[in-house]
């Protein structure tokens with residue numbers, strides 16, 4: 001019995017430890033301005049850090065989210081992400097932000113997931129139809145129509161999307177709970193992987209024939 005109790009205690013401790021490390025690590029100092037040049041840097045939390053005494057206001061400043069994104073693409077959307085790579089002062093702070101522009105009449109930020117971040121979105125212009133899908137086995141679709149000033153949250157790791165259902169351009173701002181949230185666009189990952197996922201896998205997974213899979217792969221094939 002004592003052995004079972006000891007094992008259970010170890011399992012609980014392991015789970016607690018994994019939960020405690022499920023997001024970006026806590027900062028070890030006031031800030032850690034990301035630095036590409038390692039000459040005067042210290043390696044902390046995945047990036048070299050500038051000596052805090054050399055930090056300046058521009059390290060914590062970004063300009064450009066007022067600029068309209070180019071939505072003349074197949075999806076009709078454009079994402080301008082601000083993370084630790086273009087705003088060095090975000091390094092180790094566990095946050096990032098993005099502007100998303102949508103073309104009128106169907107501009108889409110296609111189904112995707114952020115493996116390291118939850119997302120909170122606010123609509124600045126237009127009307128968006130948004131949603132996410134819960135994990136297996138339910139795979140429940142949760143959706144909402146958002147207007148200017150409305151906010152919606154997408155839990156970490158879940159597949160989600162945003163669609164402009166209005167006749168005018170739409171704009172939203174998203175906050176993400178990681179300095180490097182990552183993004184996996186589902187269609188691109190499945191049908192545009194390099195090298196391609198085998199037809200034997202995809203035909204069985206999607207319960208369709210090889211010609212359909214080949215056509216989809218041709219649409220997402222990465223150009224050399």
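Glycine is no exception: its Cβ is also placed from the backbone N, Cα and C atoms.
Here's what TrEMBL has on this protein:
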{"type": "BINDING", "residues": "109, 114, 119", "note": "oxalate binding site"}
{"type": "BINDING", "residues": "112, 114, 119, 160", "note": "Mn(2+) binding site"}
{"type": "DISULFID", "residues": "32-49", "note": "disulfide bond"}
{"type": "DOMAIN", "residues": "63-214", "note": "domain 'Cupin type-1'"}
{"type": "SIGNAL", "residues": "1-22", "note": "signal peptide"}
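Shown on the structure are the features that TrEMBL records.
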residue: 109; record: oxalate binding site; Cβ contacts under 8 Å, 6 or more apart: 75, 77, 79, 100, 102, 161, 162, 163
residue: 112; record: Mn(2+) binding site; Cβ contacts under 8 Å, 6 or more apart: 159, 160, 161, 183, 184, 185, 186
residue: 114; record: oxalate binding site; Cβ contacts under 8 Å, 6 or more apart: 154, 156, 157, 176, 178, 181, 182, 183, 184
residue: 119; record: oxalate binding site; Cβ contacts under 8 Å, 6 or more apart: 153, 154, 160, 174, 175, 176, 177, 181
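Listed in chain order, the extra residues whose Cβ falls within 8 Å of the Cβ center of the oxalate site residues 109, 114, 119 are 98, 112, 113, 117, 121, 154, 160, 174, 176, 181, 183. Least packed by the Cβ count within 10 Å, out of the disulfide-bonded residues 32, 49, is 49. Residue environment of residue 160 (Mn(2+) binding site) contains 22 other Cβ atoms, counted within 10 Å of its Cβ in all protein chains. Listed in chain order, the residues near the Mn(2+) site other than 112, 114, 119, 160 are 113, 117, 132, 154, 158, 159, 181, 183, each with its Cβ within 8 Å of the site Cβ centroid.
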